[in-house]
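Annotated features, as they stand in TrEMBL:
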- 1-104: domain 'Plant heme peroxidase family profile' (DOMAIN)
- Asp25, Asp33: Ca(2+) binding site (BINDING)
Amino acid sequence: SPSFLPVLKSLCPQDGNAGTRVPLDTGSVDKFDTSYFTNLRDGKGVLQSDQVLWTDTSTRPIVQRFFALNAFSIEFARSMIKMSNIGVLTGTQGEIRKVCGKIN
């Protein structure tokens, strides 16, 4: 949102210092809660790709549902369980890619 731009400009130095960090959830930096979704509703998404979750009519209902901590917590737990079952290769079976999107 145009009103959020001055806030971001004040946090990001003009010299482009890579050491400066801006939290993606400016509502509650040190808490695991749903303020990220409230930020999107209020036009305060730090990344454009995040803000589009609110402006796109196909994803807005998901963001609205996650305003409620209970709905978000349930889905987050399900996602963590699903990711733990992916079966990542480790040790000598795995590999560290030299180019992220390409198998060595």
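A Cβ is built for glycine as well, from the same backbone N, Cα and C atoms used for every other residue.
Values in this document were obtained by computation on a predicted structure and should not be read as measured data.
The Cβ of Asp25 (Ca(2+) binding site) has 20 other Cβ atoms within 10 Å, all protein chains considered. Take the CB of Asp33 (Ca(2+) binding site) and look out to 10 A: across all protein chains shown you find 14 other CB atoms. Helix, strand and coil counts from DSSP across the domain 'Plant heme peroxidase family profile' (1-104) read 47 helix, 2 strand, 55 coil.
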